[in-house]
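Peer 1: One structure, pasted below without further comment.
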Amino acid sequence: RSLMPRTLEGQITMEKTPSYFVTKEAPRRIYNMSRDTKLIVVVRNPVTRAISDYTQTLSKNPAIPSFQALAFKNVSTGLIDTSWSAVRIGIYAKHLDNWLQYFPLSKFLFVSGERLVSDPAGEMGRVQDFLGLKRVVTDKHFYFNETKGFPCLKKPEGGSKPRCLGKSKGRPHPKIDMQVVQRLQEFYRPFNMKFYQMTGQDFGWD
């Protein structure tokens with residue numbers, strides 16, 4: 001709370017930290033600070049997420065083992081190593097379970113990472129509705145950047161430079177063997193199905 005800006009009546013203070021969702025102590029601490037907190041969780045296909053996570057680590061440390069070596073405890077049996085954070089983070093149902101001990105589902109909005117790229121205005125409309133805000137951000141605020149492969153944000157008045165995601169986003173992923181990808185898809189499928197049931201939302205990852 002001490003790190004938050006002071007909020008006046010009628011204002012909303014927002015804070016973003018990706019690791020909250022997967023940190024065991026976070027739900028209890030946030031609940032103790034304010035049980036009225038609204039929670040927005042952006043999720044994407046866990047297989048793509050794991051490869052993206054690996055790509056980011058690889059860019060900082062090119063000497064790390066291959067994706068396959070890190071993803072499997074045992075390649076021949078196809079046993080996935082869930083202790084590797086890139087894999088563990090994508091088991092969304094497990095993390096959500098932890099949060100539901102403290103917050104009801106009504107306090108959550110689950111945003112699709114895929115739809116955030118294909119229909120940014122639609123997803124931002126849902127976010128604004130969830131927060132009880134007027135729909136100010138609309139499709140005229142976005143344009144698709146071919147180089148990045150992501151939508152970028154512009155001020156419709158054209159007053160300032162468009163805001164695009166930083167250099168670390170939109171990097172080309174290394175080529176991963178299709179069998180490795182399929183094995184990971186199989187691994188995540190039951191967790192994805194449970195997550196769809198828990199949230200009442202089908203994210204279409206299968």
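Cβ atoms here come from the backbone N, Cα and C positions, even for glycine.
Pulled these from TrEMBL:
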BINDING   Arg44, Ser52, Lys169, Gly170, Arg171, Pro172, His173  3'-phosphoadenylyl sulfate binding site
DISULFID  Cys152-Cys164  disulfide bond
DOMAIN    33-189  domain 'Sulfotransferase'
Peer 1: Give me the CA-CA distance between Cys164 (disulfide bond) and Pro172 (3'-phosphoadenylyl sulfate binding site), in Å, as a whole number.
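Peer 2: Here the two Cα atoms are 17 Å apart.
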Peer 1: Return the count of C-beta atoms lying within 10 angstroms of the C-beta of Cys164 (disulfide bond), excluding that atom itself.
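Peer 2: Looking across every protein chain shown, the total is 17.
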Peer 1: Any idea which of the recorded positions Ser52, Cys152, His173 has the thinnest Cβ neighbourhood at 10 Å?
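Peer 2: Each of the recorded positions Ser52, Cys152, His173 was scored by Cβ atoms within 10 Å; lowest is His173.
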Peer 1: Take the C-alpha atoms of His173 (3'-phosphoadenylyl sulfate binding site) and Cys152 (disulfide bond) and report the distance between them in angstrom, rounded.
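Peer 2: Rounded to the nearest whole number, the Cα-Cα distance is 20 Å.
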